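Below is one structure, written out as structure tokens; the observations come after it.
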Amino acid sequence: MDYLGQLLANGLVLGAIYALAAVAFTLVYGVVRLVNFAFGELFMLGAFLTASLMLPEVRLLGMIVPMPGFSLPVAALGAIVLTGALGVLVDRIAYRPLRNAPRLAPLITSIAVSVVLQSLAQTIWGAEELRFPEFHLATLPPVVLFDSIYLSVMDLVVMATALAAMLGLSAFIARSSLGRAMRASAEDQMAATLVGIPVNRVVAAAFAIGSGFAALAGLLYAQTYGFAHSNMGFLPGLKALTAAVLGGIGSIPGAALGGLILGLVEALGAGYLPNGTAWKDAISFVLLVGLLYLRPQGLLGKPELNSAGRGSLLGGASEFGAAWLRAGFAKVDGLLAKSAAAGPRAALVLLALAVLVGLLVPSDYWLRILTMVVIYGMLASGLNVIVGFAGLLDLGFVAFWAVGSYLTSILFVLVLKDQFGVAPADIWWLLYLNLPLAGLLAAGFAVILGTPTLRLRGDYLAIMTLGFGEIVRVVAINWMDLTNGPMGIRGIPAPNLFGIALGSPRAQFFFALALAVLVVFAIARLVRSYVGRAWVAIREDEEAAEAMGVPTARYKLYAYAASGFVGGFVGVFYAHSQQYISPLNFSLFENILLLMLVVLGGLGTFVGPFVGALIWIVFLQLALDLPFVQAYPETRFALLGVVLIVLMVFRPQGLAASARVALTMPGARPGALPGARAGRAKEAA
Amino acid sequence: MRAPSPAPLLEARTLTVRFGGLEAVGGLDMAIARDAIHGLIGPNGAGKTTVLNVLTGFIRPTQGQLVFDGEEIGGLGVNRLARRGLARTFQNIRLFGAMTVLESVLVGAHQRFSANALSLVFSSRSAREAERAMIARAYELLDFVGLGAEVADRIATTLSYGHQRRVEIARALIASPKLLLLDEPLAGMNAVEKAEIADLVRHVRAQGIAVLLIEHDMQVVRSLCDHLTVLEYGRKLADGPPEEVLADPAVQAAYLGRAR
């Protein structure tokens, strides 16, 4: 009982914090239908700003800067106001231009903003933790309830603050005219505009309040755990989003309820499950996945939010940019479209070019980079099946990649070498067995993970797949016996063929290239058949596809399976080429990166993922030569984020908007058909 | 006149659809003969599209029985019904974006393909032959609906409105359905185009495919259909040969009276 009581008390404190951050997600989603992933980072900034304002001096960018040394309430207020203003600024720059763009563009920018803020924070405050200064209330003796439950005074302050903030917000939304305008905009933005509500101002207010709530949650969190760190916002951000979805995104009481439930479940799970503290992060995501499966709209939400527009995930056109910029984009688009539509002969030319590059590039360093380009191109091709062709947003693709990498590493290192003392060189052939085996295993996983997502659309689908990706990562970190945990697996042998080690960068490049040929060939054959036509039909109009006799649920699963197969297949080679893997290799960030590569090079094309990978990885390497980036290596990722935001704002339809591939078998074209020839002749005449 | 077939192709008995408290279709009995061009008419909001959506599985009936080709089909999903031989077009044309005319039509032939993943990846002979046969059939159908082979490689949604309609009909026909359901196929067309599509519908019937037609143009309905069902407020107002039905004072009051 005492133990339970203490767990409940801890759960309530954590739940109060989650609830505050969940309000941020829900408020903004309710008004603009945007999952603003950047709230996790605003949460973190709230903590850093408060801590900095409370200290007499802080080390910023490596320099000691004097600070006012405010008390906690004053510093907190300052941090909330600053973060709120930052939230409005982010909306103005990155989201407002995309108000009418289809779903992928704002989602990508929000992730990009998140990447920018996190790497900027790391650049400014450094990679170390910043200790959160002690507030004098924290030195008071704890309050003891029922003789056995200890609650510090600050815990009570946290709960009281959260409660007051929630009640205040509810009253504000219910009573004030701005609150009414917010509710009206949430119901129907167009109608709200028509009756004279300044929707942009209302949205800015939602961002200001939401960011303030995120900052408040962040500073309370940092206060409770005693530190601030540049990636402290990531997990709490995802959990707050989980809480918002649990309660029904868009509903403020739902967010409060979801936060409390999540806090309690996590505290109880950590306390009662075997090794619970290690698994508590997985608990939230299992809860998320389970709830989305049973009740997609959340506990108090509206079912219509589980919807998605038709067509490609990208689209629309920007209202920004000078004529030369548009013309430039149009030219790039035309070029990429032409390369995407090119036939088998062009593919052979490209391959010959790649072989030539592999033979002629003298430096091992650049060969390694080019190998990475091919690996990322292959992975992005796998993701492209589900995202580009079938039009389903998948933020959990890295899980399939991880399955492949771990399967081969566990077999080679943890089982055969460590348990049975078999030298990897003696069983070199296992690699070639593992490639298809891992593909099948990952495809099986993909079908298992895909099945519960079939009823979900749009943002909900993205969130559920994200949950799956996180679960796999948490398992990889915590299932020590299977995966070696965060230490990762070392000593994975380089590929080997009939006893000839293929460890040299040049050999690896050609190995990767050979696999890429297989991957692209297989995907192209599937896409240029009735299967690919069914996928694209689902992407363009699911109902119409169904009415044409396409069992859409089954074909979505096929897309998951094909995408998973590629992920697992490439994962095997990835592990052998890196010779070391750890859960860090398979983060959400990698998934976003892959998504971006596809967007850069062209959704739903064969060459696009490789073009994207080439652009990005070469850009990253060249960026390393910039003096500024050399001084602050973290800014590379900020640069990635900025590039993405700029691209999405000026070109929401992606670089290769009009790129597409033919969806019929090349050999079956009716050159021989008399009717067709007559038609062609008529056209020519 | 044709001899009436003993068993209708499709039969609906006491079909009822309620959305919350609203009764969109109430106790509808309807039978479509095997070789009929069957018109479904009625004022706006009478429940015509709802009936079509029920027949094609988009809406589950609250009550009632559906028998198609001698088998109970109530509760079957959309793609199952399509596979059994019910093909449709949409009131607002719904062609697939970013697909060529040929590819769009081939989606309609989805059920005719059966090659598994391996034989697709290795491009087996049977997979190639199926593809070739269906592409040939698609060209035939494009010709049948009055489109030349030269449109085959154009993106379907870039065609003119009238041509998009024809692509949609070709897409529905390629699976060789038993019943073609057309939801206002003549909307927005001029007199010449209307006559052409009406001819096309006759040709479809001549191939042994029954047609259910929702249409507002009474002249076309009178000349084209050999059986009419009239709906008003979700209930059947009249049912029978066109001359008889259109002469019915109740029908004229409900529908034509308002239209004139």
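All residue numbers here begin at 1 and follow the chain in the order shown.
A Cβ is built for glycine as well, from the same backbone N, Cα and C atoms used for every other residue.
The feature transmembrane segment is assigned by TrEMBL to A:12-35 (among others). Counting residues 6+ beyond its ends, the transmembrane segment (A:12-35) has Cβ neighbours under 8 Å at 42-43, 95, 99, 106-107, 110, 151, 155, 158-159, 161-163, 165-166, 169, 182, 185-186, 189, 202-203, 206-207, 209-211, 213-214, 216-218, 220-221, 224, 236-237, 239-241, 243-244, 247, 249-252, 254-256, 258-264, 266-267, 305, 459, 462-463 in the same chain.
Remote same-chain residues near the transmembrane segment (A:70-92) are listed as 38, 42, 45-47, 49-51, 53-54, 113, 135-137, 203-204, 207-212, 214-216, 219, 223 (criterion: CB distance under 8 Å, separation of at least six residues from the stretch ends). For A:70-92 (among others), the entry in TrEMBL reads transmembrane segment.
Long-range contacts of the transmembrane segment (A:104-125) within the same chain: residues 34-38, 40-42, 44-45, 48, 52, 58-61, 90, 94-95, 98, 228, 230-231, 233-234, 237, 313-314, 316, 393, 459, 462, 589, 592, 595-596, 599, 632, 634-638, 640-642, 644-645, 648-649, 652-653, each at least 6 residues beyond the stretch ends and with a Cβ under 8 Å from a Cβ of the stretch. Residues annotated as transmembrane segment in TrEMBL: A:104-125 (among others).
TrEMBL lists A:149-174 (among others) with the feature transmembrane segment. Away from its own ends, the transmembrane segment (A:149-174) comes close to residues 2, 5-6, 9, 12-13, 16-17, 19-20, 23, 27, 135, 137-138, 140, 142-143, 182-183, 209, 213, 216, 220, 223-224, 252-253, 256 of its chain (Cβ-Cβ under 8 Å, at least six residues beyond either end).
Among the features that TrEMBL reports, transmembrane segment is placed at A:202-221 (among others). Residues 16-18, 20-21, 23-25, 27-28, 30-32, 36, 39-40, 42-47, 49-51, 76, 79-88, 90-92, 96, 158, 161-162, 165, 169, 178, 181-182, 185, 192, 232-233, 236, 240 of the same chain lie 6 or more positions beyond the ends of the transmembrane segment (A:202-221) yet place their CB under 8 Å from a CB of it.
Among the features that TrEMBL reports, transmembrane segment is placed at A:277-294 (among others).
For A:342-361 (among others), the entry in TrEMBL reads transmembrane segment. Cβ atoms under 8 Å from those of the transmembrane segment (A:342-361) belong to residues 367, 370, 374, 506, 509-510, 513, 517, 520, 606-607, 666 of the same chain, restricted to positions at least 6 beyond its ends.
When Cβ-Cβ distances below 8 Å are used as the criterion, the transmembrane segment (A:373-392) is approached by residues 311-313, 354, 400-401, 453, 461, 509, 512-513, 515-516, 519-520, 523, 527, 532, 535-536, 538-540, 555-556, 559-560, 562-567, 570, 573-574, 577, 591, 593-595, 597-598, 601-606, 608-610, 612-614, 616-618 of the same chain, each at least six residues removed from its ends. Positions annotated as transmembrane segment by TrEMBL: A:373-392 (among others).
The annotation transmembrane segment is assigned in TrEMBL to A:428-448 (among others). Residues 399-401, 403-404, 407-408, 411-412, 416, 493, 495-499, 515, 557, 560-569, 571-573, 576 of the same chain lie 6 or more positions beyond the ends of the transmembrane segment (A:428-448) yet place their CB under 8 Å from a CB of it.
When Cβ-Cβ distances below 8 Å are used as the criterion, the transmembrane segment (A:509-527) is approached by residues 347, 351, 354-355, 358, 367, 370-371, 374-375, 377-378, 381-382, 384-385, 389, 435, 495, 502, 535, 562, 566, 569-570, 573, 577, 606, 610, 661, 663 of the same chain, each at least six residues removed from its ends. What TrEMBL records for A:509-527 (among others) is transmembrane segment.
Outside the transmembrane segment (A:557-576) by six or more residues, the chain places 375, 378-379, 381-383, 385-386, 389-390, 392, 394, 397-409, 431, 434-436, 438-447, 449-451, 454, 489, 492-495, 511-512, 515, 519, 523, 526, 531, 535, 585 with a CB less than 8 A from a CB of the stretch. Residues or ranges marked as transmembrane segment in TrEMBL: A:557-576 (among others).
Feature annotation from TrEMBL assigns transmembrane segment to A:631-650 (among others).
Long-range Cβ contacts of the transmembrane segment (A:631-650) within its own chain (Cβ-Cβ under 8 Å, at least 6 residues beyond either end) map to 61, 93-94, 97-98, 101, 105-106, 108-109, 111-116, 118-120, 122-123, 127, 318, 320-321, 325, 329, 593, 596, 599-600, 616, 619-620, 623-624.
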